[in-house]
């Protein structure tokens, strides 16, 4: 889809479909009022008949209005004045896209810039709008015999006042990069586990480096992981025929002496639970257990498209967790790269076992910040549901920056505590630390475990177990989160 920004009067624009917003109580914004005047009150007449109440997301298509160059006018409800928030604005945008998909026109122009969205300026409104539209175009039909019909709609133009055009252009540019990153994240998450395994992800990283010459990629194999002393990482993979991989992405958009930000992604390409086997019902969704790594891929794609002036490192800890005669057993003790020993009480708490060695590896980059992203605990879904990611960290400034980024990007997180009292739940009589802390506060104790390996830098942990994918039903699939949050965090660091 091509997105353009133009500063023209809506009533003079030649387009297949002109989109205008109408509020409840027949409220017309400046754009809708200008078109209404040009058509001799045609819009007002329709509204007086009660054909459109103006509730958020309601639509009404008008054909061949007089004195317009637009072939059609699509009216969309914007709700009550001064009550339009981010979610309602996204709902409005989705309703517009749904209608446009069913039309024959190859282009459309959206005159929505005069809508007041609470707490949002021209840049943020454009970003929300374009991101919603672009993400709404996503289709995954790679394995369908009958593909989705090609979309007739090819071009969307955002109409903006001249004073706002630069801000709208920038918002649209950022949104397209974020949406492309989300699409990559969703593609990788939606792939079946017989295709998307650690070696495959290494190949995908090299493919991304071919597309973007500013990206450097290194893939560490099992032999190298053993040389590095990553006993915890290797323990997760030893039950599978698929060898593990640590994928290293490096982008240098700033001076070489500027410390990088590091993103660490959990990449369990299929999680059976290992010897601590999961129930069979719903196990197919454990292909999404690599969505942390997929979100690092997606964030890198967005950063590479935007060519942000930052240095960024990605560490993707990729393995498959399978039961076999050679698999790790409950009760096994392993030595991590840090030298700390871990008693593995539950092989289904494997994400933290690959992440802890990756977090130790991150030390060599002397980072400004390290953020790990993982579908780590079912307890996070119990605590926060599927709307909000869990967030913990050892530096309050970093945590606040991520919370702020999530609010701006409409990809929110919520902070959970890392009090010392929770650390006691991880005590082991046989090793330095146990890999689980009992049934209480499971998300927090998982964060506490990781914190033991992140003491040499500012670190935060995002638990995306509830937000990385939609479970079951017709909308089942990866969401692309938290690419918007992470990209916004990095955009702020690039300023």
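Residue numbering: from 1, along the chain as shown.
Heads up, the Cβ atoms here are built off N, Cα and C, so glycines get one too.
Neighbour density for residue 266 (Mn(2+) 2 binding site): within 10 A of its CB lie 31 other CB atoms from the protein chains shown. Under the DSSP three-state reduction, residue 266 (Mn(2+) 2 binding site) is assigned to strand. Among the features that Swiss-Prot reports, Mn(2+) 2 binding site is placed at 266, 271, 289, 350.
Around residue 348 (Mn(2+) 1 binding site), the same-chain residues six or more apart in sequence whose CB sits under 8 Å from its CB are 271, 273, 274, 276, 277, 278, 321, listed in sequence order. Swiss-Prot lists 271, 348, 350 with the feature Mn(2+) 1 binding site, giving sequence analysis as the kind of evidence.
The DSSP secondary structure for residue 278 (active site) is coil. Residues or ranges marked as active site by Swiss-Prot: 278 (among others).
Around the Cβ of residue 352 (active site), the same chain contributes 374, 376, 435, 446, 449, 450, each under 8 angstroms and 6 or more positions distant in sequence. According to Swiss-Prot, the active site annotation covers 352 (among others).
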What does DSSP assign residue 289 (Mn(2+) 2 binding site), in three states?
helix
Which residues, in sequence order, are found in the same chain with Cβ within 8 Å of the centroid defined by the Cβ atoms of 271, 348, 350 at the Mn(2+) 1 site, excluding those residues themselves?
236, 268, 272, 273, 274, 276, 278, 286, 289, 321, 347, 349, 351
Within 10 angstroms of the C-beta of residue 271 (Mn(2+) 2 binding site), the count of other C-beta atoms across all shown chains comes to 26
